[in-house]
Structures are given as structure tokens and as C-alpha cells.
């Protein structure tokens with residue numbers, strides 16, 4: 001504005017603004033660390049330079065189950081098709097060696113007592129159809145074996161055994177892929193964010209877990225691990241150092257009854273890796289908290305596992321989860337629309353170590369919170385009172401019938417006086 005009035009030259013103003021912008025510290029976002037476990041539970045890990053690829057073929061069944069569906073379906077189709085073609089070639093060779101392909105054998109008289117190994121097998125196409133009939137046990141009735149060729153009987157037995165093995169492996173693979181344990185884990189949900197708040201006089205790390213299905217998870221247990229990069233006193237760098245942290249559970253077996261969403265709590269004490277971390281230090285920490293829920297599916301009896309993780313940006317300090325379980329007409333109802341909702345609560349910003357050393361910090365925080373709550377209630381009540389008074393005054397002004405009439409009083413001397421009541 002001064003430059004417009006020509007009091008200060010415009011060039012000086014621009015130079016000064018540029019100098020002030022250079023002096024301001026530029027906040028750069030630190031590079032986002034790759035998480036070890038994704039929010040959906042998938043492991044963010046890539047295996048490279050594996051030289052011994054043959055080890056996967058030693059456990060062929062697990063390899064087939066771990067393959068993608070399109071690869072599994074291709075292998076399923078090709079296994080049956082290749083086995084039919086292989087034994088079709090064997091049946092064709094048996095018929096060719098016995099002379100069933102020779103047209104002159106059709107004019108052979110009954111006195112010679114000649115019979116083919118397999119009736120009506122005159123080409124490779126008919127041999128292929130007979131191979132499918134044998135392995136799939138269809139049996140159309142047009143082609144059948146005779147007792148002339150012991151080699152054909154051997155091929156029949158061999159094809160039946162191989163066909164049963166292929167059926168068992170392929171069908172078992174398809175069944176295991178459809179009944180994998182991680183499919184059941186898709187209905188086990190975790191809160192998007194975790195919170196740190198005071199519970200029973202202690203700082204606690206909390207998150208919420210729930211099950212969307214009515215079929216329960218039997219013997220469910222929750223484990224929490226902290227993954228961080230550490231350096232030993234000897235100078236060894238451990239890129240993925242896993243530390244188990246205890247879960248606050250009154251049951252000694254650490255099993256939970258997951259009939260409704262639960263808030264899992266970890267007390268930040270001397271055993272916790274979060275013991276020396278304050279609210280200001282949390283954003284600077286390069287750590288990841290992995291949550292693992294394990295249990296047995298009630299309907300299938302298969303053990304399932306659900307996983308998720310929380311990094312420093314996903315942990316809210318001084319928040320608490322809102323209740324979502326209510327009783328409606330004798331039934332407990334769960335409102336999953338509020339599953340991850342939190343509210344701010346009073347919580348000290350210091351670390352758990354400082355809170356243990358100075359318990360007065362918690363008392364002062366709670367007192368300040370109580371005073372602020374009382375002040376907010378007073379302001380709210382005063383605002384309501386003022387609003388009600390303004391509303392009543394406006395109603396009196398707009399409606400003259402509500403005005404109080406004047407009343408005359410007669411004194412003993414006979415004089416009249418008018419007053420309003």
C-alpha cells in the first residue's frame with residue numbers, strides 16, 4: 001500500500017519480500033517409509049535372487065495353492081487334457097500293434113476266432129474318445145475292451161490309477177484355494193487409526209477390532225509387535241527388529257470373546273517400547289505397530305489370521321473411541337458407521353516415563369479439563385438463557401395481546417392511582 005502511494009519505491013518492497021521468503025525455513029516432508037504390513041494385512045515384501053527354484057517343486061501342492069487363480073485353472077485344464085492325450089496315444093499304439101487298424105481284419109471269418117483289443121477303435125480320434133470314457137468313467141457303450149490283449153488290461157489299470165491321483169490333487173487344490181483362511185479374515189476389521197489416551201490412570205495405546213459375520217472366531221487372541229530399525233551397541237544394523245508388547249487383558253490365557261467390537265488396550269509401562277515417546281516425539285518416530293489377530297473359524301475349524309499395522313501418522317494422541325454398542329428393544333445393536341470415530345479427551349502430552357516420575361501432571365491435566373468443561377457448560381447455559389430471554393422479548397413485541405394490562409387501585413382517601421403489574 002505504501003508502494004502505491006510512492007512513499008517507498010516498489011523495487012525496494014519487492015526485494016524485501018523476496019528476502020523475507022528466503023529467510024523463512026522451508027518445511028520439507030520427510031520421505032514416507034515403506035510399511036512392513038499394509039492396512040489390508042498383506043506383507044510388503046519382495047523376494048529377489050532366489051537361485052534354488054526347485055525347492056518350490058518339492059512342495060508341489062502348496063505351490064499350486066499359492067498360485068493365482070488363472071494359473072491354477074490353466075494347470076487344472078492342461079493336466080486332464082494331457083493325461084487324456086497320453087493314454088489315447090497308448091491305446092492307439094496297442095490297437096496298431098494288435099492289428100486293429102488293418103482293414104482286412106474286418107473281413108476275417110468267425111472260424112479264426114479273432115477279436116480286437118478294443119472294439120470300434122479305428123483311428124486316433126476314436127482312441128482319444130475311449131481314453132476320455134475310461135478316465136472319466138462315462139462309458140457310452142460303443143467301445144469296450146476284450147480279453148484278447150493283456151497289455152490293454154495293464155493300460156486300463158494304469159490310466160485308472162493316474163486319473164484318480166490327478167482328480168485328488170486338482171480337486172483338493174481347488175478346494176483349498178476356495179477355503180483359504182485369509183478369506184475369512186476379510187470380514188475381520190480394524191479401526192483405521194489408533195489412539196493414545198489415559199485409562200485407569202495410565203497412558204494406553206488402543207485400537208478397535210470387530211467381526212462382521214455372525215459365526216464367531218473361537219479362541220481368538222491378539223498380538224502386537226513393534227517393528228523398527230535399530231542399531232546394536234556393537235554397530236550391527238537390524239533393519240526389521242520385532243519387539244512383542246503385552247496386551248492388557250484380564251484373562252490370563254489372552255483369549256478374547258469377539259462377539260462384538262472390542263477396544264484392545266496396551267498399557268504403556270516400562271516394558272513398552274512407547275515408554276519414552278511423548279506427543280511431540282511421536283510424529284518423528286520411525287516405527288510401525290503390527291497387530292495380529294488369530295483364531296479358529298467356527299464353521300470350518302480352520303485357523304485364520306488377520307493383520308494390520310499403524311504408523312506414527314495413524315496414531316491420534318489424546319483421543320478416545322466413541323461407543324457403538326447400544327441396547328435396543330432387548331437386543332444389543334452395533335452401529336458400524338461409527339466404528340472408527342474418535343473424540344478428543346484430556347491427556348497429558350508428556351511421555352509415560354515423565355508421567356510416572358511426576359504423577360501431578362495427570363492431576364493437573366484432569367483439573368484443567370474439568371475446569372474447561374465447567375466453563376463450557378456455563379457458557380452454554382448462559383447462551384441458552386440469553387436466547388430464551390431474547391425470544392420471549394421478541395414474542396412480546398410482535399404479539400401485543402401478551403402485554404400486561406394496567407390496573408387501577410383506589411386508596412382509602414378516594415384518590416385513584418394507576419400502576420402496572
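Keep in mind that glycine also has a Cβ here, set from the backbone N, Cα and C atoms.
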Message: Of the ranges 29-50, 51-72, 73-94, which one does TrEMBL flag as transmembrane segment?
response: 73-94
Message: Looking at 1-25, 101-125, 126-150, 151-175, which stretch does TrEMBL describe as transmembrane segment?
response: 151-175
Message: Let's see if you can do this one: DSSP helix, strand and coil counts over the domain 'Potassium channel inwardly rectifying transmembrane' (37-180), in that order.
response: 91 helix, 4 strand, 49 coil
